[in-house]
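Annotated features, as they stand in TrEMBL:
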COMPBIAS  B:10-20  compositional bias 'Polar residues'
DOMAIN    B:31-94  domain 'Transcription factor CBF/NF-Y/archaeal histone'
REGION    B:1-27  region 'Disordered'
Amino acid sequence: MDGDSSTTDASQLGITGEYMASGHYVLQSQDDDAEENLNDHEEGGVKENYREQDIYLPIANVARIMKNAVPQTGKIAKDAKECVQECVSEFISFITSEASERCHQEKRKTINGEDILFAMSTLGFDMYVEPLKLYLQKFREAMKGDKGIAGVTGAESLGEDLTDDTFTNPLPAGIITADGQQQNVMVYTTTYQQIPTVQQIQFS
Amino acid sequence: MAATVATPVSEESSQQQTGPTAAVTHSRLSKLPLARIKALMKTDPDVSLASQESVFIIAKATELFVEMIAKDALVYAQQGKRKTLQRKDLDNAIEAIDEFAFLEGKPCQA
């Protein structure tokens, strides 16, 4: 009962086991740092939190799209490409924050296509809205073709009254439907197992 | 500069993200890496989840934006009797057009 941390044998006292657990917490925080490093691996191994200015779209893609806009005889200076590259990142952040604001206003957590279209017209890019709606339609048709029967079942089950059958078949995590429309939502779920030893604390 | 190095890797990973069949159709529809766009969106602390179609729409909108700003800047290049699009042409376009007001104060403005 002294709480002597020098006791290394956790099996002697349950209380000592708790002190051992606090030692484990210290180790876990180090593991978390390691996990953050692994997550940053995609972006070239830079081990910091990313600000929006740090992430750019590949300059080759940007340059290719710019070339569509200028006549074939024209050239594009390298600093012009870099400038557009930065503007693009700014543009994406700008639209995203506006769409995210609307999403919060409507008490939803997931930004969907409608939020983006609304943000574009609010910010003065309403000339994009019509072409984007066409592309959105093409995209949805392409996704339906991939999902096949599963997507159709999900949409139909929402249209009907919920019966016991709908609960026995779990919906795939990738498809969450609202308002009868099919949307693909990235849902990250974590599962953890209960450690049986925790429940068995013996006090001697 | 570090971001451009990872170009080939990121494009492949964005295609593998949505499965082999979807990747074929996505590569026809979008010219930009969706994974990178999604990473950009996530730098905003208010953004928790974004649907796949929203990422796709932003990719398409970005293409339209790049075309638009390039065409507008081209006007200034032609005024200067040049065929090469330069950074100052973009600066002029940003200053002149109201929709591009959010771009003022960018590093490229120096």
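Glycine is treated like the rest: Cβ placed from N, Cα and C.
A TrEMBL annotation is a machine prediction, not a hand-curated record.
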**Message:** As a test of reading the model: what is the averaged pLDDT for the domain 'Transcription factor CBF/NF-Y/archaeal histone' (B:31-94)?
**Reply:** 91
**Asked** For the domain 'Transcription factor CBF/NF-Y/archaeal histone' (B:31-94), what are the DSSP-based totals of helix, strand and coil residues?
**Response** 45 helix, 4 strand, 15 coil
